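Student: Provided herewith is a single structure, encoded as C-alpha cells, for subsequent inquiry.
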Amino acid sequence: MISDDDDLPSTRPGSVNEELPETEPEDNDELPETEPESDSDKPTVTSNKTENQVADEDYDSFDDFVPSQTHTASKIPVKNKRAKKCTVESDSSSSDDSDQGDDCEFIPACDETQEVPKIKRGYTLRTRASVKNKCDDSWDDGIDEEDVSKRSEDTLNDSFVDPEFMDSVLDNQLTIKGKKQFLDDGEFFTDRNVPQIDEATKMKWASMTSPPQEALNALNEFFGHKGFREKQWDVVRNVLGGKDQFVLMSTGYGKSVCYQLPSLLLNSMTVVVSPLISLMNDQVTTLVSKGIDAVKLDGHSTQIEWDQVANNMHRIRFIYMSPEMVTSQKGLELLTSCRKHISLLAIDEAHCVSQWGHDFRNSYRHLAEIRNRSDLCNIPMIALTATATVRVRDDVIANLRLRKPLITTTSFDRKNLYISVHSSKDMAEDLGLFMKTDEVKGRHFGGPTIIYCQTKQMVDDVNCVLRRIGVRSAHYHAGLTKNQREKAHTDFMRDKITTIVATVAFGMGIDKPDVRNVIHYGCPNNIESYYQEIGRAGRDGSPSICRVFWAPKDLNTIKFKLRNSQQKEEVVENLTMMLRQLELVLTTVGCRRYQLLKHFDPSYAKPPTMQADCCDRCTEMLNGNQDSSSSIVDVTTESKWLFQVINEMYNGKTGIGKPIEFLRGSSKEDWRIKTTSQQKLFGIGKHIPDKWWKALAASLRIAGYLGEVRLMQMKFGSCITLSELGERWLLTGKEMKIDATPILLQGKKEKAAPSTVPGASRSQSTKSSTEIPTKILGANKIREYEPANENEQLMNLKKQEVTGLPEKIDQLRSRLDDIRVGIANMHEVAPFQIVSNTVLDCFANLRPTSASNLEMIDGMSAQQKSRYGKRFVDCVVQFSKETGIATNVNANDMIPPELISKMQKVLSDAVRRVYTEHLISRSTAKEVATARGISEGTVYSYLAMAVEKGLPLHLDKLNVSRKNIAMALNAVRVHLGSNVAVLTPWVEAMGVVPDFNQLKLIRAILIYEYGLDTSENQEKPDIQSMPSTSNPSTIKTVPSTPSSSLRAPPLKKFKL
C-alpha cells in the first residue's frame, strides 16, 4: 500500500488492479497463441486539438487524489478589517506550486479589491466562534436573508444563462458578510452547546431496543431523518455499550449514520480510517455542510494543522485518517493524546483488511497494532463494509482482533439497480445505443455516469470517442498530472461533466449519491470487484443502470495480470475463482442478480418468478423472448465425451481446440486414433456446432470440472485439465446439469446423436424452446381490488387542483435545482452536498412556504434548513404566485396514514416515490416518467409492484378498465391454461388489447384478486394450443429498463 506521504506512482504494486507495463497484453484476441502487442504498437485515437487545448481540456484521475492549491486569480472585494485580523500563518513549506498540497488559506493584506487566489481546498479545520472573536465583522451560520434574499431570488431567476455573472453575484453576496459560510483551512472549530452525557445515561440508551427521543432528535438535526432504518439503531446502541462490531450493509443503506451518530449523541470523538484521500475529502465536506466539525489528516497535512487538532480535540467530532497515517508514530501519539475524547474507532471499507477480499491492502493489516497499545486497546472498534463473504468477514475479525464482535448484516440486494450485459463490438456504436440528447447537457447517458476500463489506454480511447460524439466527459487514471486528476474529480462531483471514464482504481474514491449509470467497458476483475463498483450507482435510492460490455479476450487479460501479480498462490487461486463466478453472471440465461447475490450469500433464495426491473434476462423472459425454465441444462453425454477425449487422446492436458476438433471429426486429429474405443469417439460430436462445444467447455471450467494449468514453456496461455471434481464425476457417471448459457440453449440440435460411450444414456441436453415458465392463476377470486376512485379513504380526503400539476411540479423542481446549483457554485462544493435530490423532490411535491413547514421535508439537517431553507421556500412562494399551485401539501391530507404506513413497509424507496407521485398528482405513467427521468416501462413495473400489494391506483389515468381486465382473464383461462408468467402469448391470445405495459398492471390486479396456484402438481399448459410466437415481427418488447432519476425524457425501448 502506498503511503499518503509518498508521491503516488502510476501503479499499486502487488495489486490485481495495477496497470500493465507496456509490454503486457491489453487487446490481443488470442493470448494463449501469440505474444500480445505492446501499447506502442497499437493504433491510437488522435484528436484535432492543439497542444494547449489538450492541456486545458484533458483530465486524469487516481484513487488517492489530494486537492492541490492551484491559484487562479480573480478580483473580489475584501474588507480591510478582515484582512488585517484574520490572517492565517503558513509554514515555510507553503508555495504557489500546485503540487505542494498546502492547505492554508491565503488572505490579502490591505487593498479593498485585490488579486485573491481561489483555493481548491480539501477542507480541514473550521470554526465560527473563533472567527467571530477575531473579526470585527462577525457573521452567522448563513447569509443574512433579510438583506439579500429578495435581490438573490431575482438574480437567480434571471442569470443562470450567464455563469460568469452568476459567480460575481454570489461572491458579492458572500463578501457582504465578510466571510464565506464554508470556512477555509487552518481555522478552529465551533462550540456546540451539547451537554456531556454521563455513563449511566449512556448505558441506559445502550440497553434500549427502541431509540430514545434524544437519539431521534440528533438523527433529525444532523441527517434530517425522522426514524432509523432497520438495524441502524442496534448498531448505534452497541457502540454506546462499548462493544466491537462487524457491520455489513449494502451501499446506500446508511453505514455512516451508524458510526457518526454516537459521537454526535455523546459529544465525543470518532476516528475514521478510510483508504482514499478523495473519499475522505468528500465525506468531511459533507459533514461540515451539515454543521458537524470534522477534520482530515493525511501525509499532506501541515504541522500547523496537526497542532490545531491537538489543541481543539474537545471540539472535534470526527478525524478522518488513512490506515498508514493512523498507525504511524505521529498518528498513534495523536490518538494517545486524544484518548479521553475518543469513543469509537471506525474502520471503513474493512474488506481491505482481508487477503481473501478483492481489494486487499497490506496497510489495513497494521491496524491491529492499535490493539497492542495498552493506552488504546480499549477503544471500541467497528469494521464496516458493503462487500464481504463469510470467509472475508472472519478474516477481518481475526486480523483486527475484534473482541467478541456483534455481527450485523443487511441484504446484499440493491433493488434499484438494473443489471445488463452486452457483447463489446464497436465502441461508439455500443455506447451510443444508450444515449439521449438535450440542449443543455448535449449527449449523455441520462444522468451522471462512471465508465470503468481495465487499462489506461482503453480509458483514453473511450473518452476520446465520447468527446468526438458530443459527450461532456473526462478521463481519470494514474498516467496524467495531479491537476488533471483533481479537475476531473471536481468537475464530475459538481456536474460540470456528465461522464467520467476511469480505471477501476477510481471506484472506491467516488462519494456521489446520484450516479445514474455505471458502465464497464471491458470485463471487471472479479465478481466482488464488480459488486463493489456497481455500488457507486444509485446510492440515493433512485433507479440506476449497471451495464457491462465485454468479450472473452478480456478474461485473458485479467488472467495474465493474475499470473504475473506475484501474489501468494492461494490468493491467486481465490481471485481466479471469483473471476469464474463473474463469468457465470455474464453468461447465464437465468437471472443475473440471483447469480451475483448467491456468491455473497449461498442461502439467497432464487426468486420463484421473473423480477420487474431486475436484469436484462428477466426482461427477456417477461417479454416471452426467452424460456425461464431452461436456466439449467443436462449435458451428461457430451461432458463424458469431452472428458474421455481429453484423458485418452491428450494425456489429460491440452488446449480446448484440439479435443473439440477430434469430437467433430477433423482430419487434423485422425492420426491420433490407435484403438477401437478411440475410433468410436472420433467425430461423435460432429452434428454439434464448434461454438457450442466451446461454450460447454467454458461452463464446465466455471463449474470447476475443468481446471487451467500453465506449463513451463507457456508464457501467456494455459491449458485445460480435468480437475479433481471432474475426475470423480467421470468415475461415478452421474447426471451433469449446469447453468445454461444462450449458446448452450440455442446452438445445439434438439436430438443428440446415439451414444457410443459405455454406460452413457441419451442426452437430454437442452429443453425444448417451446417450454415456457409457469405461474398459474388461482381458480377462485379471493378478494376484490379497489382502484383509487373507489377507495373510501382516498375519496374522503382533501382534494387538490390537479390540472397540469405534473408539469408544474417538474417546472418547480427545475427552478429548485437551479438554485441548488447556484449555491453549490458559491460554496465550491457539489450540488448534492447542499441538499440531496430527495430533498428537492420533497420541496416540489409538498411545497412548504415557511420555516415552520420545513419539518415536512425529510433528509434535510437542521444546519441545511438554517442555511438554505429560506432560499428554497422563497422559490416555492414565488412559483405559487405565478402558477397558482397549491402549497403546504400535507401528505396525510392526500394519503391516509394507514396507507402511508403500508407503503413504507412493502415498497422500496424508489417504488414508493413513483407510486406516491402518481397517487397524489393523478399523473399518467408518461407524466411520472418525464418528471422522474425514468422510462415509462419502469413506471408501469413499479406501479405493478404496488398493485400486487393491494395499493390503489388511478386506473383511469393508466388506461386500464374493468372491460380490459375481463378480456385478459378470459384469454388466459381459455388459451393459456391460466398461466400468467409470460406476456407475449397472452397478448397474442387477446387480439386487440392494451399494450404490454398496461397488461403488466392487469396481470398484477389478477394476481392480487385470484392469487397464484402454489400446488406442486399443477399441470403445465398445453403448448400446442398457444398462439405461435415464431414470427419475430409480432413479438413486442417491454421497455422496462430504468434509466435515471434526473429530469429527462423517458428512454426509448431498449434493444436487448
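Just so you know, glycine gets a Cβ as well, placed from its N, Cα and C.
According to Swiss-Prot:
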- 17-26: repeat '1' (REPEAT)
- 17-37: region '2 X 10 AA repeats of N-[ED]-E-L-P-E-T-E-P-E' (REGION)
- 19-38: compositional bias 'Acidic residues' (COMPBIAS)
- 43-53: compositional bias 'Polar residues' (COMPBIAS)
- 54-63: compositional bias 'Acidic residues' (COMPBIAS)
- 236-406: domain 'Helicase ATP-binding' (DOMAIN)
- MET249, SER250, THR251, GLY252, TYR253, GLY254, LYS255, SER256: ATP binding site (BINDING)
- 348-351: motif 'DEAH box' (MOTIF)
- 427-583: domain 'Helicase C-terminal' (DOMAIN)
- 761-771: compositional bias 'Polar residues' (COMPBIAS)
- 1025-1046: compositional bias 'Polar residues' (COMPBIAS)
Student: Counting only residues 6+ apart in the same chain, whose Cβ is under 8 Å from the Cβ of MET249 (ATP binding site)?
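Tutor: Counting only residues 6 or more apart in sequence, the Cβ neighbours of MET249 (ATP binding site) under 8 Å are LYS231, LYS255, CYS258, LEU384, ALA386, THR408, THR409, THR410.
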Student: So if I measure Cβ to Cβ from TYR253 (ATP binding site) and keep only same-chain residues at least 6 apart in sequence, which ones fall under 8 Å?
Tutor: ARG229, ALA386, THR410
Student: What parts of the chain pack near the motif 'DEAH box' (348-351), using Cβ distances under 8 Å and only residues at least 6 beyond its ends?
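Tutor: Same-chain contacts beyond the ends: 246, 255, 272-275, 357-359, 364, 383-385, 387-388, 392, 396, 400, 508, 528.
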Student: Tell me, roughly as an integer, the mean pLDDT over the repeat '1' (17-26).
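Tutor: Across the repeat '1' (17-26), the average pLDDT comes out at 38.
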Student: List the residues in the vicinity of the ATP site, defined as same-chain residues other than MET249, SER250, THR251, GLY252, TYR253, GLY254, LYS255, SER256 with C-beta within 8 angstroms of the site's C-beta centre.
Tutor: ALA386, THR410, ARG539
Student: Which residues in the same chain, at least 6 apart in sequence, have a Cβ under 8 Å from the Cβ of SER256 (ATP binding site)?
Tutor: GLN283
Student: Which residues of the same chain, at least 6 positions away in sequence, have a Cβ lying under 8 Å from the Cβ of GLY254 (ATP binding site)?
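Tutor: The answer is ARG229, GLN232.
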Student: If you skip the near sequence neighbours and keep only those at least six away, which residues in the chain come within under 8 angstroms of SER250 (ATP binding site), Cβ to Cβ?
Tutor: ALA386, THR410, SER411, PHE412, ASP413, ARG414, GLY535
Student: By DSSP, what is the split of the motif 'DEAH box' (348-351) into helix, strand and coil residues?
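Tutor: Once the DSSP states are binned, the motif 'DEAH box' (348-351) shows 2 helix, 0 strand, 2 coil.
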Student: Far apart in sequence but close in space: which same-chain residues, 6 or more away, have a Cβ under 8 Å from GLY252 (ATP binding site)?
Tutor: ARG414, PRO513, GLY535, GLY538, ARG539, ASP540, GLY541
